[in-house]
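One structure is given here, and the rest of the page talks about it.
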Amino acid sequence: MDIVNREPECSKPLGELKPGPERTIFYQLPWTEDVIPKPSSSQSSTPMQMEYISMPFNGKVWAEVKNLASKQIRTSQQLIDSIKSTNPSLKRFSFNILKQVVDEMNESEQKIFYDETFPFIISSALALPDLIIQPIPILKQKMNHSLFFSQQQCASLLANAFLCTFDKPTKSKLNHFTFTELFTVMRPGATKRKLEKLKCIINYFRRLSRNTPKGTVTFERRYLEAKKTPDWSSSESSLKRLIVNNNGSIEKDGIGMLQVDFAHKLIGGKVLTYGMVQEEIRFVVSPELIVSMLFTETMLENEAIHIIGTEQFNDYAGYSDTFSMAGDHFDSRPLDEWGRRFTKVVAMDAVYFAVDRVITQYSKKYLDRELTKAYVAFMENDEIDEKHRSAIATGNWGCGVYRGDPQFKSLIQLIAASMCHRDLVYFTFKDKRLSNFESFIAGLESEKITSGQLYNDLIEYGNYVSTLVSRQNREQVFDYLQRKFKSK
Ligand code: AR6
């Protein structure tokens, strides 16, 4: 773990940040330490046809939202009634989770909520037209474009999601950026998860109400054109290091690395509804990640989203139904020259395999699909030398809810990382299917094969699986390859 590249130690100076056709910057440049960034209206000169998010302050409900500031709110019933009163479309939601979260607070927590946190949410939401003074482009499919926001602007957007002011987008390729479903139990079983998520969100606003952060966050959509997709089988890249870590987690121990988000193709997945696995956890401990859900269209197979600079506000314990908010996290990551924390998350969605389709994952079609996805997620500009490329912190991508095979997927990720000249740190999360991982990797290293050769081995394995009559006795990928190496 100590030998792999991490930021900031491995990073190269960024140079001056300038607006350009692939960037929209919502604050004035240059960013300076210890100053809250000021809003900017300068448009980027975009060659592409842009479409924009419709902002709540241009709609009918805004006058009602403004009224919230003058309301006396001291009980949970008043709280939910007043938010719901801003928009008739909110009537059908009970907001019972929001009510419960506040009811379960002790007296002093409630006092802080009513005196500080909720008034901050209102004022931060209402500041939106003063803070974001140019339209927000939709990060549409096939677009290489980045949006640069200050952390204060992110908070204002999230405060609007809390007050449920954004309309449901007319396009199905976008999420609805609102907390309505998080505030309400829609299906049985999710109550505890939603309560814990909401505690994280409320704690984020409490922290912001006391201290306005001065940093910035970038949301970058990247698209790899089909003609730029490498020919996997002929890759001469030698395999990079894969370090197995059995006890750590991506966000805790992958500090300074490119941290993989095991994403849904609609970024954020079910974070604003009932889900509570890797992606949702990552997003609620660092709520600025949720901002991506406002403007990011569904990812295509050859797309990934990089989010740079988010701050972690919450600690947590448990996972899924046992997840609980475990208090404040004080994020001590340094900021880069553009004001962003040295925390890079990449959202990449694996393929979901239904129970009766699990076996299809070894086909060339899905192998190529996953490889393309990992490649677009891991690639760097050609000018960036290998020594400046951080390692990738990943793990059982696509192997939980999505039912992938971690042995097969780990090798796919290793090929992609190697072709992008980056080491990989693999957090196994104690998955039993990877019990022989370290010895397998040691054997693989001694074979000195190229990425292309490993790819061809995976193709061969897929062919082997497809010829089996009974899938029960299938030889696992690691065993299959180990036997093959030995027999050579
Ligand atoms: N660090 C390292 N490994 C982890 C961590 C962590 N913090 N958390 C979980 N794992 P899953 P998927 C391991 O199911 O299959 C979401 O709803 C653990 O072994 O989240 O790609 C998204 O929005 C776990 O079983 O990823 C998508 O809709 C495995 O990673 C969907 O789930 C996979 O985690 C994606 O499902």
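Using the three backbone atoms N, Cα and C, a Cβ is placed for every residue, glycine included.
Any TrEMBL annotation is an automated prediction that lacks curation.
Features as listed in TrEMBL:
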DOMAIN    105-221  domain 'PARG helical'
DOMAIN    230-435  domain 'PARG catalytic Macro'
ACT_SITE  ASP261  active site
ACT_SITE  GLU279  active site
ACT_SITE  GLU280  active site
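There are 24 other CB atoms within 10 A of the CB of GLU279 (active site), with all protein chains counted. In the three-state DSSP reading, GLU279 (active site) counts as helix. In the predicted model, residues of the domain 'PARG helical' (105-221) average a pLDDT of 96.
As a summary of secondary structure, the domain 'PARG helical' (105-221) carries 56 helix, 14 strand, 47 coil according to DSSP.
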